[in-house]
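Trainee: Found this in Swiss-Prot, in case it helps:
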- Met39, Gly187: substrate binding site (BINDING)
- Lys115, Thr160: ATP binding site (BINDING)
Amino acid sequence: MNNLERLRSENPLVICYTNDVVKNFTANGLLSLGASPAMSEAPEEAEDFTRMASALLINIGTLTRENEEDIIKIGKIANQQGTPIVFDPVAVGASTYRKNFCQRFLGEVNVTVIKGNASEILTLIDFNTTMKGTDSDSELDSVNIAKKAANTLNTAIVITGKDDIIAKNEKIIKLSNGSPLLTKITGAGCLLGGVLASFLFRNTQPSIDLLVEAVSVYNIAAEFAEQAPHVNGPGTFLSELLDQLYQMNDITYKNQVKKVEI
């Protein structure tokens, strides 16, 4: 049984502590793929949920003073339960507040995968970095940033951009699937975090090949969505992306994946 078949057979429970802007899209995307999202944010039930969950997604897009302690508490409970965590440090370089929170979070919680654009990941290893928001910086050296971040933070790194870079231990892989329309809808990167979590299967040390498959399945679905005859902009693309995630299969993944080890 391949990983995508396993995902659809097991319907892994993924706890999505994500931002308010993308909750609906993230939930629908994971359901389309075959996972079972739970949008629970109450620390009072975190122990029960993480015990059952395949993984926990933490996305700080709408971080506030009111929820920061809950995020850290839920992360620590996931660590105690052996539940892998995908961390998405949205716009970490945009404010001192976000930088300080991420520095504290990564000091107190062990994460399995960190996903972000090059600017966000660079900020995590150099908190003097500044950025304008969630947009990526195409001029940054994503390969070296990913390599340094994987070593410094001792975790798997996924850097998104025109090409995606995955680094784990000393291995680095560049992926070249995807669609420019992903940058025209809100929550595309946030959903990818959920897709990564869906592929973890309670494994806190996933192989880089598993991460490659998770990212590529999503990006290939985006390519197919863009190519659909009725898609003529972001609105039709968004709904078609859900359909393509639903229709994705292992043969399509293997035939379409564009990857190279660096």
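For all residues, glycine too, the Cβ spot is worked out from N, Cα and C.
The structure displayed is predicted, hence computed values, not measured ones.
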Trainee: Cα-Cα separation of Thr160 (ATP binding site) and Gly187 (substrate binding site), in Å?
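Mentor: A Cα-Cα distance of 13 Å.
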Trainee: Out of Met39, Lys115, Gly187, which of the binding-site residues is least crowded by other Cβ atoms within 10 Å?
Mentor: Met39
Trainee: How many Å lie between the Cα of Gly187 (substrate binding site) and the Cα of Lys115 (ATP binding site)?
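Mentor: Roughly 13 Å, rounded to the nearest whole number.
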Trainee: Between Met39 (substrate binding site) and Lys115 (ATP binding site), what C-alpha distance do you get in Å?
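Mentor: Each residue's Cα considered, Met39 (substrate binding site) and Lys115 (ATP binding site) end up 19 Å apart.
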Trainee: Based on DSSP, name the secondary structure state of Thr160 (ATP binding site): helix, strand or coil.
Mentor: strand
